[in-house]
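The next block holds one structure in the form of structure tokens; read it before the comments.
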């Protein structure tokens, strides 16, 4: 019996050792996991209670200081310190790149206003802006505009009041034009890449007055209308981007659109721009209650043929021709 018990104990010894060999690593893994995940859980709880960080340190202030240091480091790579709110100084090679990229994008994607905005500033050379400044300084209204530096916004213009003005006033015509075209004076992009603060304001003023040029000439914001107004601005103010737009933009239009522009609207725009008073000197905000016909006469602006009407008549004529063609085709086709 004793020998049998010894044999059984000897036989079960490897099995126990084997089990112990499995249990010990498992216990070690469990202990290690408890330490790791338990520590993470405690850290999470401490973070939630606000006990993790040093309470004597203002981490929000430190983050703000780090951001400020990064901004200063970036500013040190600029050719000059920003000279007005929103100013982004560019090196000469960056201005050339801005001109090349925005010019390319504007030609192939004229519907994207951001491209036009960048091209406008890239081509707004100091000599042009200084000439525009002298034009404003030579006129009493222009001098007041430079001194007061007004902004054209919906808040300043009081759109609700414009809607109630007599229908023959500039303010009502302007309000109706904005409503019909579904645009707002608040959507004009700020100037960023022009270095001189006064030049930057002059270009911003030109940009903000653009919709008044549309409204007083009853020109829609479709591509033909935009090219026409750009040609008007180029002839009247000498805006480089407007001159480029008047020359190059028609090349991408359909034949019938180019024909309308070359035969009617571009000649009108150049003739009117050269003969009318400098539009940059018009204090539009003070003209809102004035009779629009009298104002056109004062500025020497004549209305062009209504572009919307011409397009509708062209579409109706084409529809009529297509209907006649299809009718004749059905009549001559054997059943």
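The backbone N, Cα and C atoms fix where each Cβ goes, and this holds for glycine too.
Here is what Swiss-Prot records for this protein:
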BINDING   210, 211, 214, 226  Zn(2+) binding site
TRANSIT   1-10  transit peptide
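Non-local neighbourhood of residue 210 (Zn(2+) binding site): 188, 229, 233, each in the same chain, at least six residues away, with C-beta under 8 Å from its C-beta. Those same-chain residues not listed among 210, 211, 214, 226 yet with C-beta within 8 angstroms of the centroid of the Zn(2+) site C-beta atoms are 212, 213, 215, 219, 221, 225, 229.
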